[in-house]
Amino acid sequence: MSKKARQRISYVLEHPNSSPGGHRLGVNGLAIDQTNSILYSGGRDGVLCAWDLNRDLVAPQTSHSAMIDETMSASTSKRATTFRAQTQAHTHWVNDITLAEKHTAVVSGSSDLFVKLWRPLAETPADPVTIGQHADYVKCVATPTADTNWVASGGLDRKINFWDLAGGGNILEIDARGEEVAEKGSIYAMGVTHNVVANGGPESTVRLWDPKTGKRITKFVGHTDMIRSILISENGDLIMSASSDQTVKVWSVTAGRCMHTLTMHDSSVWALFSDDPSLHTFYSADRSGLVVKTDVRGTNGEFDNGLSLAVAQENDGVTRVVAWGDSIWTSTSRASINRWKNVDSSDHTQLPEAFRAHRASLATIRSRDGSLSSTMVPPVSGAESPYKPRHKRNISEKSILRISNTAPLPFTLGSGNMDENSVSPGSQVPEPAFNMVELPEPIQHEPEETIAGQFGLVKHRLLNDRRRVLTLDTAGEVLLWDLIQCRPIQEFGKHHLETIVPQVNTKEAVAPWCSIDTSSGNLAVVLEPYNCFDAEMYADELGSVENTEFREDQRINLGKWVLRYLFANLIDEEIRRDEAFRHKLNEEVLKKTAGGGRMLPPLAISIPGPAGWQFSEPSSSATPKATGMNYPPMTPGMAIGLATPGSPMAPFIDGGFTTPLSPLEKRTSQVSRPSQEREDYFADAIQTPGLDQSNRLAQTPATEVPPTPGPEQPAKTPSATETNGKEKEKDAKDKEKDGGKTPSTPFGGMKKFRMGGFSMKLGRSASTPQAEKPAALDEKAEESGSNGSQHEREFDDNLGGVVQKIKAEYEEELVDNPGRIVETKITPSLPNDTPVLKLPPGTKVIIQEETSGGSAEVYRGTVGSVGTDADEIEQKGPKWLGECLLQNVLPVKDAVKVSFVLFPYKGELPELVAAPDGNNRLNANRMLRVKKILGYVAERIDREWKEEVERVEREGGEVGEGVMRPEEYLELWCNEQMLPNKMTLATLRTHVWRGGNDIVLHYRANGRKEIKLTEQVAEMVKEEEQAGKKNEEVGTPGV
């Protein structure tokens, strides 16, 4: 089957004190439901909010907001807006919203590529549903009328899509790519009616399309910069476009040309709004924050004679503006929404005398000529109007804007105000002088109400340990978060972020395993499959962990650790389902056995595990797998080891990722393992003579793929080929006699992590099993060829495919061994591999899939809901996640190594014995600690320590009491700095060596112990003395 696109896991950390009721970042979308008096908003935090405006809906409403409904009492208009509902609809910015289905549905378009539908008025609250998806950011959504059953969306993928609101998918797709430069066809603005669709963007061209056929009607060229907003009249003949060229253009579809260019703005025009079907009254807002109301009623299409008023001035660029009745709402890059008192632009407006005279003369001239348009609004006296103004407010000349460069008014404002008596009705209005005018003075200086938002994160800094991150929010508060515990751990108050970093940062170098995203105002942690398992930390850095003991120098994989508990409920649900599935299979086995008159003996004695964990009863006949797929045979000695707190069940293997259930010969305590197995981090960086490539790979962690059980690799149990089984058993015994070790980790056996990984001990590597692998593969191939039932099966490339494979293995085991009870193959990591975490249940968990335009969300849940969403996660979750959670198997990846050389400090100690080819260049896993390097040095120059190591290797147990460890009497230096014993090679290279070449290290004694040289070193020194040679100093500190 086809391979799925790469998927990643994200989780969002919530502040424990956060509560619904506002946006965290800027607001990009506004829409008003006049029927229910609700304001909807969409923000850059991905949230959709609903606000009750608490308006009196009994009073008659005008068709548009040109004439203010003054019947609303002063007390009603001052009622505070209250929060109604909100939903986390998107994982990225909401760029636009619109209302549909008679204002019962909110449609949103987002930078997460989705178009979603939210029904906030439904009796049963539900999360938004996805009705469409683009290949890139969705920038605008629009619907022609409130009762339309479709919505249009446009985005950076240069597509206009029509989506069925009932979930029918894509109705029509229009390719709107640019003619000259395809990328300039990105859609930033769009307007729709039943007969025409208009869009604009970086191409500075307005394109018109037929919504029924998708064919292009025409295009309008005239803007010189990006088009930001578009309005279309109800009859589809008039189109307005706002642009970054500081103009608003009025286009006639019938005439096919630009009719007017309006220049009342001095900055990029970002937003347009009108609730007038003919667009004769509209609102515009620009980058400087100026909000303008323009009224061209009664001008008979002569926009130059219209009235343009500076209503309000925001502190930031206005992204959206909407109006209803006597109020205007504006949104900016801030999280709050401002409500401003609207201005009456009808004849009730108290304009300066010159403007009133000019407008009256225009009406008189047109009335005399009989040219009064039906679209004009005749003067209405206060007695005749049902809308009675509270008071007549005088409009200052400074608040009246010149609507276009050819408009006769306003007069220049630099020569003093015009006297009211200087112009009489019917007199000739003097021509204006084109001098520089003052900045406009907004009519409203302060908003009537501010709908406050919350504080969102705007900046972050990931610390060196890559487990903690500092964040700065919009209030200036600095907070320290723990990415593993998924919660904030320290507050610093209002500070500059950079001043706090030195106080909490540490000198560490940890591999990148996650990325941080605060674009939505929240702290989101993103885990990619190619590096989320790269970072480790030592267990002794965790402090005390309740009911968990770790072996010396055990490492914890950060990615596996956090995933284990993000999906803990999912694992529990899969274990429950697995038990139910195996129960049915085992019932059939028991029935067949009972029918034959023979009872099955008990397979094993159940041994209790750590508190709070349940394990299936192990089968004594189950063969342990290198991937930890089965529990090992429960011998008496092993049972004691499991029950003893001091002997962890799942030792963590140095240099690789262990499984919780490794083969029996490896399930021993740290102290009982030979030093070669405990301390092998090193490998030759340059191939030495006589050493083939396979042996070199055997010494490198993370270079071998673990044998994954499956149909092509059945469990090592007696099968139809009895002889083959006996031969395998004999081979295993021979390997034990030869000292060979069975691989126990996904990256190879314990033998590969011995200190003897280079120099003289190269010959002690596990080469025998390496040589026998081809034979084993040939044997399996013959078995596969002889057994026709063992054909290769295909499984889904998702998390459910892992479950399918496990079930298939159960069925194959029953075919091969009809009388054997099927044991579980679900083996999640145990607490001593991934210590127990109690994550906040509300932590959001998101699965995303890569697309050409970014990443698209395929699943969203919480830590508390992943168990109930098991079916959906099986279908949409990645395969690598299933292998990690259910089988404790991580993707195979070569370990990153660091090269270095060792020299005695100023000749105080003898040099180490070089390899046969004279090579003394070493490399090791980047997580190797300084004390391990000192142990390596001591094993080669200190006879007493070497003898103690050999004793422990031979007899087992621990290092004897009174025996001084190497880190107690040896020191390691670099660049004239003594290195801490717990410093890793990665940290050493980053913060001490600070170079790209091989690290030069020097070892020296601190005088606490007299070092008795090993025989080999003593003989080398003696030979040099006899030859009259002195030890030459190789390199100096700081070189």
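Cβ atoms are placed via backbone N, Cα and C, with glycine included.
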Annotated region 'Disordered' segment (source TrEMBL; candidates 369-390, 413-434): 369-390
Among 87-118, 131-173, 220-261, stretch most in contact with the repeat 'WD' (20-54) (C-beta, under 8 angstroms): 87-118
Same-chain residue ranges lying at least 6 outside the repeat 'WD' (87-118) that approach it to Cβ under 8 Å: 10, 28-31, 33-36, 38, 40-44, 46-48, 50, 127-143, 146-149, 151, 153, 155, 161, 163, 165, 519-520, 524, 844, 846, 848, 851, 853-857, 860
DSSP-assigned states of the repeat 'WD' (131-173) in counts, ordered helix, strand, coil: 0 helix, 25 strand, 18 coil
Per-residue pLDDT averaged over the repeat 'WD' (220-261), given as an integer: 95
